[in-house]
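Right, one structure below, let's go through it.
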């Protein structure tokens, strides 16, 4: 009887030992899976997903978006209301008009910083410019017979060059000191229909994509991190960060969920991971929106009287009416008369020096757009950087309202880029405002799921110890 009891005890100990081995093995497998998932997620970062870690900038503490937008003259609640009720509907209609639908751009690569990106490397590099005989006659100047386009990534990154028969009236050609890629009529420029090439996910990933944002941020982030930085030195970082956030928002809002079935939709997890979880990125998005809005409203007289002729009289009159509504809306003027106060900048002895420094840095960022290896990313990058450069030109190049009325000259392409950029930012602000609760619920659900899983593991271990203790 005693031997039987001893054997029974030994059998129980062996059974308990096996359970512990299985439990430890399961935990090890889970940990390995987590490490692999994190590694793969890191490897899959794209141009829209790069978080600017090179900057090591201090992240703001979590807070709700209430009160005045930092360095601006409007509060979040007013911005959201005006954007939803007034600006966004007007801008949606405006960018669909013939004048604002077409953008002239140099699409082929001419990277001045790293020569290896000037060559096609991936499987979708075969997109080429059409022969001259295939171009619509409305083009102001013919393109060269053959120009290979540098293209990286996937088919969804390809620019659709389809145009309809619209004519353009040329505007004054002037130099923009803030950009390196001015509107110059030459064989490298082509018109692109922006409605056929929406800003969305393209599959542009890897070292080339990460290097773009690293190069952009390295031009200005060190100026921002210093505790003693003045407001002028922080502006460029905030503008770039806000634009970066907007790009990420558009990719998350129109994402390729299933490549096999070509299923597109919202990726709210990406929205949270790349934008919402970092309050400073949301704040900088609002800052950039108000900065560009200030430039548009400051140029009210110029934009309101400009010619928007494309050969379609009805559409052209509609365009002019929409522009006037955007730049002089009474609700906007009453609630947010000065979205951003540029008059307080460039004061003191260092003012001119800081301004020249900012111009040089932004020109470098503008030149980096030629290094983008994804054709659609390059298109929207060039358009939005030109739009931001135009806003800087309006606010900082011509001093005073009187001088602005007499001395401001904008290229047609600058006006197209400026209004399309304002629309992109408006869409991003609206999407963040509308979808933040849902995205945060999803993120919270994932966190709760993870916590519940690990809690089950800990509970299982505790229960095993308790059972083992009772059996011993």
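Each Cβ is built from the backbone N, Cα and C atoms, and glycine gets one as well.
Per Swiss-Prot, these features apply:
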SIGNAL    1-37  signal peptide
CARBOHYD  44  N-linked glycosylation site
DISULFID  55-74  disulfide bond
DISULFID  57-72  disulfide bond
DISULFID  111-371  disulfide bond
DISULFID  120-125  disulfide bond
BINDING   200, 202, 213, 241, 244, 274, 281  FAD binding site
DISULFID  221-230  disulfide bond
CARBOHYD  267  N-linked glycosylation site
CARBOHYD  364  N-linked glycosylation site
DISULFID  374-377  disulfide bond
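Nearest to residue 74 (disulfide bond) in space, judged by Cα atoms and limited to the binding-site residues 200, 213, 274, is 274.
In this structure, the CA atom of residue 244 (FAD binding site) is 12 Å away from the CA atom of residue 377 (disulfide bond). Between the listed disulfide-bonded residues, namely 111, 374, the fewest other CB atoms within 10 angstroms of a CB are found at 111.
All protein chains included, residue 72 (disulfide bond) registers 22 other Cβ atoms within 10 Å of its own Cβ. The recorded positions listed here are 241, 267, 364; among them, 241 has the most other Cβ atoms within 10 Å of its own Cβ. Among the residues 200, 202, 213, 241, 244, 274, 281 said to bind FAD, no two Cα atoms are farther apart than 22 Å.
Taking the Cβ of residue 200 (FAD binding site) as centre and 10 Å as the limit, one finds 17 other Cβ atoms among all the protein chains shown. Residue 200 (FAD binding site) sits 9 Å from residue 377 (disulfide bond), counting Cα to Cα.
Spatially, by CA atoms, the recorded positions 72, 202, 213, 241 include one closest to residue 377 (disulfide bond), and that is 202. Each residue contributes its Cα atom, and for residue 111 (disulfide bond) and residue 281 (FAD binding site) those atoms are 28 Å apart. Of all the recorded positions listed here (267, 364, 371, 374), 364 has the Cα closest to the Cα of residue 241 (FAD binding site). Counted within 10 Å of its Cβ, the other Cβ atoms near residue 371 (disulfide bond) come to 23, all protein chains included.
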